[in-house]
Amino acid sequence: MSKLPVMEIFGPTIQGEGMVIGQKTMFVRTAGCDYSCAWCDSAFTWDGTGKDSITQMEPEQIWDELKRLGGNGFSFVTISGGNPALLKNLDGLIKILKQNDIKVCLETQGSKWQDWFFQIDELTISPKPPSSGMLTNFEILDTILDNLKARTMNQNVSLKVVVFNDEDYLYAKKVHKRYPDIPIFLQVGNEDSRTTDDQVLISRLLDKYQWLIDKAMLDDDLQNIKVLPQLHTYVWGNKRGV
Ligand SMILES: C[S@@+](CC[C@H](N)C(=O)[O-])C[C@H]1O[C@@H](n2cnc3c(N)ncnc32)[C@H](O)[C@@H]1O
Ligand SMILES: Nc1nc2[nH]cc(C(=O)O)c2c(=O)[nH]1
Ligand code: SF4
Ligand SMILES: [Mg+2]
């Protein structure tokens, strides 16, 4: 028995964030997080509001559900949460995905290491800036990124920092300075991840994107930087399961 706490399985959709933005992908969202970010857009995975949606699933059942939803139309699965890195036994799911020639992407915040990180094709580590209310344990983050130096050429690792304000921006610069060899993405923060007024939301997010671009483009410290929106929010607003 190696069941995993699953909050939702959805797709196919596009990966809206980070280094594989635009990639056609299925999503598996696990339940539970060791953080509680002030602005978490997936708080239902950890704040109790989604507890009735949590299903304990065997990896085979997750694979069956992915096939039911995605048929033969996908070759990429993104695992997010919550923090999937809380789950020691996630390797069972990764194994089945690999056996079926599926590329695997993981979203995690860099607070926990798992040996199965080495099996992830596209690993995004997203340490949290001050506006989240969380404190980064840089010793753990150092260890994770140090461990990953032993990875194979086939595995991509990137950092992604969500930026809401000037303080967050300085934090992102600090992260880049500490790990200059890891590709880093700045991501627009969504201040209102609950509103259903898409027009207002999108217009605010566009302003925020422009603000972030303007800052980064004028900054000599950030020569090799990528600045991205959360693309899915510009298409579907705060809708869940897309
Ligand atoms: C919901 S988290 C789940 C994975 C993992 N716990 C993490 O934070 O990386 C997925 C991504 O969404 C980002 N995110 C969460 N809330 C956001 C918001 N309000 N605006 C922009 N990005 C957000 C996180 O920073 C993270 O990069
Ligand atoms: N389309 C889409 N792209 C995403 N990239 C990261 C997501 C996440 O919640 O981890 C996410 C999500 O929820 N939807
Ligand atoms: S670490 Fe990720 S899932 Fe956890 S609270 Fe923060 S944004 Fe949400
Ligand atoms: Mg999301």
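Placed from the backbone N, Cα and C atoms, the Cβ positions cover glycine too.
These come from TrEMBL:
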- Ile14, Gln15, Gly16, Arg29, Ser80: substrate binding site (BINDING)
- 20-238: domain 'Radical SAM core' (DOMAIN)
- Cys33, Cys37, Cys40: [4Fe-4S] cluster binding site (BINDING)
- Trp39, Cys40, Asp41, Gly82, Ser126, Pro127, Lys128: S-adenosyl-L-methionine binding site (BINDING)
- Ser42: Mg(2+) binding site (BINDING)
Quiz item: Tell me, which binding-site residues from Ile14, Gln15, Cys33 are within 10 Å of Gly82 (S-adenosyl-L-methionine binding site) if we use the C-alpha atoms?
Solution: Cys33
Exercise. Please list, in sequence order, those binding-site residues from Gln15, Trp39, Cys40, Ser80, Gly82, Lys128 with the Cβ less than 6 Å from ligand 2.
Key: Gln15, Ser80
Exercise. List the binding-site residues Arg29, Ser42, Ser126, Lys128 whose Cβ sits under 6 Å from any atom of ligand 1, in sequence order.
Key: Ser42, Ser126
Practice problem: Count the other Cβ atoms sitting within 10 Å of the Cβ of Gly82 (S-adenosyl-L-methionine binding site), across every protein chain shown. | Solution: 27
Quiz prompt | Cβ neighbour count (within 10 Å, all chains shown) around Pro127 (S-adenosyl-L-methionine binding site) | solution = 26
Quiz prompt | Between Gln15 (substrate binding site) and Cys40 ([4Fe-4S] cluster binding site): CA-CA distance (Å) | solution = 18
Practice problem: Please report how many Å separate the Cα atom of Ser80 (substrate binding site) from that of Lys128 (S-adenosyl-L-methionine binding site), as a whole number. | Solution: 15
